[in-house]
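A short worksheet on the structure shown next.
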């Protein structure tokens with residue numbers, strides 16, 4: 001029974017991650033066409049994110065109404081708190097991109113992995129093996145070599161980058177925590193937070209976008225191709241949002257960050273293929289190092305799990321299958337420690 005579940009679980013994990021990579025990369029490509037001056041010059045990024053969450057909220061309501069998904073209770077204050085953190089992340093990232101050089105913006109994004117590690121250690125007492133730490137460093141170095149160019153820092157930009165990194169890291173940890181705390185599925189959680197985020201972003205977005213771009217949404221001339229790309233962006237964002245919640249529910253926030261850097265490599269490759277972006281030897285070297293780091297990270301995490309399992313299983317010879325599963329979840333940190341009554345030991 002256990003051997004049948006493992007391949008199915010592995011396939012669903014790969015599917016969730018693949019869905020996140022494909023939808024994220026597709027979303028970046030669609031937004032590049034929509035927002036670039038050579039495309040349709042729709043520079044209202046925060047408002048566009050409000051459109052994304054509106055579409056997600058609509059799909060969530062239809063899903064609940066048709067009985068495809070069920071609504072589980074999560075306290076309103078927790079939903080509001082999470083939405084504030086998530087919206088702060090979006091606004092902070094937009095402001096960081098506006099105020100900082102591309103190089104410093106990329107460095108701030110790379111810093112999320114160590115920040116997530118420290119936050120998980122502080123909030124959940126989670127520890128990482130030396131193999132995992134080395135793998136994370138290799139990934140960060142590789143992506144840094146790929147993406148970091150000029151690095152200029154100013155006080156305003158540094159503050160916005162700090163807010164963006166802290167709020168994004170906290171958001172990703174919170175997704176996993178809320179799913180485990182309330183035994184709620186990824187889509188059910190997203191369908192409850194999306195309406196709050198959509199409403200707040202649509203109300204505040206035009207003002208934030210005006211501060212960032214100096215342009216009013218009302219002055220933008222919508223064309224049929226621009227509307228098509230807005231709808232395409234919203235469609236891809238729904239899958240991107242759902243897959244993000246799926247991935248963080250299945251993996252840790254750190255694993256999500258590490259695997260997420262595969263998207264950076266994909267974007268660089270597609271930018272070279274589709275938009276004639278320059279691909280230098282430095283980019284290729286950085287990609288190779290990053291991919292190597294991701295392979296090492298996957299191996300290190302798997303080795304860590306096997307080591308944890310080997311510590312538990314020898315002492316459970318007379319325990320039930322459900323007891324073994326619960327204790328293994330407690331060891332790898334996916335389940336909070338509870339009093340679990342095991343079968344009596346022989347002796």
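Quick reminder: no glycine exception, Cβ is built from N, Cα and C everywhere.
Range annotated as transmembrane segment by TrEMBL, chosen from 155-175, 281-301, 302-322: 281-301. When the ranges 118-136, 194-212 are checked against TrEMBL, the one recorded as transmembrane segment is 194-212. Ranges compared are 15-38, 39-62, and TrEMBL records transmembrane segment for 39-62.
Here the transmembrane segment (194-212) has Cβ contacts under 8 Å with residues 43-51, 53-54, 56-57, 60-61, 79-80, 83, 86-87, 90-91, 94-95, 98, 241 of the same chain, all six or more residues outside its ends. Under 8 Å from some Cβ of the transmembrane segment (74-97) lie the Cβ atoms of residues 45-46, 49, 105, 108, 157, 160-161, 163-165, 167-168, 170-171, 174, 178, 182, 184, 189, 192-193, 196-197, 200-201, 204, 208, 212, all in the same chain and six or more residues away from its ends.
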